[in-house]
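Comments concern the structure below.
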């Protein structure tokens, strides 16, 4: 539904930069909590694109890559990733979530797909909303709200902030991305 597979296939054919994709495992999706609100179409697309870095990065290059990494999700510092590596351990930080690369799904000289333990949540969608300085003062006065009325907590009330914005549509988007990646890999295999 996102037609991202066509976009990725086109990019792989038209550039020498390649791609690095962080693909959440099935277990990563089961860790997501019930959504607090639905994501709109643009946010769903940005969430899927946030898992794609428009440059090929080998596992070894994670040790020397310059942070932050730009993603396909959009411009601005709230759609950037930071990656750190120490030996075989690779950590990915989004400003909202910290996760590990748990394996390599596929790699060649142009495309790398890495399995991550969590869905990467961009700060632009899941982080605290940026407020203008003029709006910050009145907001502070409104902050007197009972703990049991907090909108930021999930159904279990743990308030971790992750559960407030995830929707089932995201899973459909990642399913489409996974299908698209399979199509891309099949096309690559045909050319080899």
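Heads up, the Cβ atoms here are built off N, Cα and C, so glycines get one too.
In TrEMBL this protein carries:
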type: COMPBIAS; residues: 148-159; note: compositional bias 'Acidic residues'
type: DOMAIN; residues: 1-120; note: domain 'FAS1'
type: REGION; residues: 137-162; note: region 'Disordered'
type: TRANSMEM; residues: 170-191; note: transmembrane segment
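Computed over the domain 'FAS1' (1-120), the whole-number mean pLDDT of the model equals 87. Mapped onto DSSP classes, the domain 'FAS1' (1-120) shows 33 helix, 38 strand, 49 coil.
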